[in-house]
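Chemist: This structure is in structure tokens; I'll ask about it shortly.
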Amino acid sequence: MIKLIFILNFYLFLVGNAARIKQEVSAAPQNREEWTFDDPRWDNDIPDWFAKDFIPAKGPSEEFSQHFWKSKAQKTLQDKLNTKVNLNQSKNVVIMIGDGMGISTIMAARSYLKDVSTELSFDKFPYAGLSKVYSVNYQVPDSACTATAIMRGVKTNFAVVGLAASVSHANCSASLNEDAKVPSIFKYAQDAGKSTGIVTTTKVTHSTPAAAYAMSPSSLWEFDKSRIPAECDDIGKQLIHGPVGSKLDVVLGGGLENLMPANLGGKRRDGRNLIDEYKKQHKNSSVVYNKDQLKSVDPKTIDKLLGLFANSHLNFKLLANDETQPTLTEMTAKALDILKKNQENGFMLMVEGGMIDRAHHLNQVRNALEEVVEFHKTVEYVKQNTNEEDTLIIVTADHSHPFTVGAYPPRGRNILGPGHYSFIDNKWVLSTSYTFGPGYYDHVDKTTGERISPRGMNYMEPTFRPPSIAPMNEGTHSGEDVGVFASGPYSHLFTGVYEQNFIAHGMMYASCLGPDDVLKNPKCENDAENEIK
């Protein structure tokens with residue numbers, strides 16, 4: 001009897017849950033709407049441009065007139081004419097990296113957020129350009145070499161962090177050569193008395209954040225793996241004890257396992273608890289592990305903050321426990337509160353939306369776009385809570401992904417859903433796709449090799465994977481140029497098309513930082529208080 005009641009209750013739960021989901025879908029705005037298998041549009045809305053009775057989609061009625069577009073263009077023109085070049089010294093620098101956030105991803109995120117015409121926060125920045133992301137030895141790069149370019153001003157080899165291209169991957173002995181070591185802009189900021197911090201949704205020892213503070217011939221050496229020679233420190237150790245890592249004022253992200261010994265659930269083989277060592281090293285510090293602890297941190301009472309909110313990467317925002325995992329915006333807000341205490345010398349902050357990249361690798365397009373939306377909110381927060389007169393904000397991607405938006409979806413339709421129809425195999429095609437990755441077999445019948453119709457697929461599921469051309473365990477990066485969006489002092493320097501490593505040189509010039517052999521901002525040289533040490 002008890003078993004029967006349980007089964008009945010479970011059945012009612014499933015029915016009720018299905019009804020709730022159906023209600024949510026039907027109540028969703030058009031750009032989030034999911035066509036069910038029985039939706040008549042699969043049969044009635046086939047876009048046959050050669051059929052006599054075909055009626056093309058209609059866009060927003062307000063866009064029908066010439067006046068709409070002329071007015072829009074004239075406003076843009078006037079805004080550009082009114083933009084004054086900001087030649088102030090950049091007291092603060094915020095580097096914001098959407099890992100894997102290519103141009104197609106930005107376009108899809110606009111549509112996913114509201115409409116393809118929607119402006120993301122960084123779309124509104126006064127200056128934009130394109131950076132070329134190839135590495136010294138590969139046409140398509142990884143995050144280690146691209147982040148090194150952005151934060152150290154030189155291009156290097158694939159999977160190498162903070163070192164010149166004279167060092168090949170995993171070559172420890174070559175990495176010890178002083179000529180191969182490239183200081184990061186974070187070192188120059190610390191030398192100038194600025195507060196420094198990194199915030200990421202990946203592991204704090206992952207490729208992009210590591211480029212701020214570490215030098216390693218392999219981005220894979222995040223903890224003391226057996227194959228790492230004794231004379232080369234792993235990235236986790238460099239975070240806590242390195243010359244730059246040990247001076248970071250704020251470190252927030254995931255990667256707890258790389259700082260903890262194996263007997264406490266970590267990955268370290270040396271038995272060292274780098275968290276305890278951090279606490280002993282920084283007396284007036286705080287270490288937090290969840291959202292509530294982060295919220296309770298009083299910036300007035302601490303000087304150093306280490307937040308580790310996951311053993312590995314943080315979970316995707318759509319799948320995370322909102323009560324325990326902080327968002328990228330929440331982490332960044334706390335970091336700013338602490339760094340802004342240094343009113344005399346300013347600060348440098350790196351913020352990475354790292355899970356955009358992880359979602360693309362898995363071909364999980366909705367998770368990727370949701371991470372872009374959160375990144376967009378974080379950029380908006382930083383812009384609203386800093387002063388553009390003295391704060392340079394750079395928003396860019398380290399690299400892109402071979403993620404494509406095509407198939408002619410009408411305006412307003414869900415960018416994740418059906419976009420066009422193939423009259424070759426008489427099946428709909430989705431608007432998004434990948435070149436490589438695990439989404440291949442979700443759309444190809446393993447027995448017949450024929451393409452599977454997307455009809456009835458739950459493409460609004462966070463883990464849903466659109467088709468890829470070739471099967472791989474993970475998708476790869478791509479090599480096309482990525483956007484660079486800039487606001488604040490000397491932001492006009494970041495227009496045009498340039499090598500990715502130029503970004504570091506532009507930031508150094510704007511903020512009066514850098515070595516003696518780089519071009520100096522005359523305003524800084526003439527001000528004794530701003531002499532570069």
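Each residue, glycine too, has its Cβ placed from N, Cα and C.
TrEMBL lists Ser143 with the feature active site, phosphoserine intermediate. Taken from TrEMBL, the feature Mg(2+) binding site covers Asp99, His206, Thr208, Glu352. TrEMBL lists Asp99, Asp357, His361, Asp398, His399, His477 with the feature Zn(2+) binding site. For 1-18, the entry in TrEMBL reads signal peptide.
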Chemist: Do me a favour and check the Cα-Cα span between Glu352 (Mg(2+) binding site) and Asp398 (Zn(2+) binding site); whole Å is fine.
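Modeler: On Cα coordinates alone, these residues lie 10 Å apart.
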Chemist: Restricting to the same chain and to sequence separations of six or more, state which residues have a Cβ under 8 Å from that of Asp357 (Zn(2+) binding site).
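Modeler: Once residues fewer than 6 apart are set aside, Asp357 (Zn(2+) binding site) is near Asp99, Gly100, Ser143, Thr202, His401.
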Chemist: Give me the Cα-Cα distance between His399 (Zn(2+) binding site) and Thr208 (Mg(2+) binding site), rounded to a whole Å.
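Modeler: Cα of His399 (Zn(2+) binding site) to Cα of Thr208 (Mg(2+) binding site) measures 11 Å after rounding.
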Chemist: In the same chain, outside Asp99, His206, Thr208, Glu352, whose C-beta lies within 8 angstroms of the Cβ mean position for the Mg(2+) site?
Modeler: Ile97, Ser143, Ala147, Thr200, Thr201, Thr202, Ser207, Pro209, Gly353, Gly354, Asp357, Asp398
Chemist: List the binding-site residues among His361, Asp398, His477 whose C-alpha is within 10 Å of the C-alpha of Thr208 (Mg(2+) binding site), in sequence order, or say none.
Modeler: Asp398
Chemist: Between Asp398 (Zn(2+) binding site) and His206 (Mg(2+) binding site), what is the CA-CA distance rounded to a whole number of Å?
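Modeler: Here the two Cα atoms are 13 Å apart.
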Chemist: Under a criterion of Cβ-Cβ distance under 8 Å and sequence separation of at least 6, what residues of the same chain contact His206 (Mg(2+) binding site)?
Modeler: Ser143, Thr200, Ser219, Glu222, Gly253, Gly255, His313, Gly354
Chemist: Fewest other CB within 10 angstroms, which one of the binding-site residues His361, His399?
Modeler: His361
Chemist: Can you name the residues of this chain that are 6 or more positions from His477 (Zn(2+) binding site) yet have a C-beta less than 8 Å from its C-beta?
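Modeler: Result: Gly100, Val140, Pro141, Asp142, His399, Ser400, His401, Pro402.
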